[in-house]
Amino acid sequence: MTTATLLSAATLFALACVVLAMLLCTLRLMIGPSAQDRVLALDTLWMCVMVLALLLGIRHGSQIYFEAALIIALLGFVSTIALAKFLMRGEVIE
């Protein structure tokens, strides 16, 4: 087994695991009993999308996926903070 074949198999397995995690997060996002559960599911979904972009970058050998993952991480962080502030105070901007 060559290194390229092993890397291809490992990224394929990781992609399958991330897609499964995304499906479970989407399920929790839809049926979460509270708003806090939905915010956590959305934050985890952002992370899964970021990891998916990173894995695709590794698999295809392109650096554009890594830049996209950085932008996704920044947007996910800002949106999670805004949602948490909205849930605590009822408004985002004071």
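Using N, Cα and C of the backbone, Cβ positions are placed for all residues, glycine too.
TrEMBL entries are annotated by machine, without manual review.
Among the features that TrEMBL reports, transmembrane segment is placed at 6-27 (among others).
What TrEMBL records for 39-58 (among others) is transmembrane segment. Counting same-chain residues at least six beyond the ends of the transmembrane segment (39-58), those with a Cβ under 8 angstroms from any Cβ of the stretch are 7, 11, 14-15, 18-19, 21-22, 25-26, 28-29, 32, 64-66, 68-69, 72-73, 75-76, 79-80, 83-84, 87.
Positions annotated as transmembrane segment by TrEMBL: 64-88 (among others). Through the fold, the transmembrane segment (64-88) approaches residues 35-36, 39, 42-43, 46-47, 49-51, 53-54, 56-57 of its own chain, all at least 6 residues removed from its boundaries and within a Cβ separation under 8 Å.
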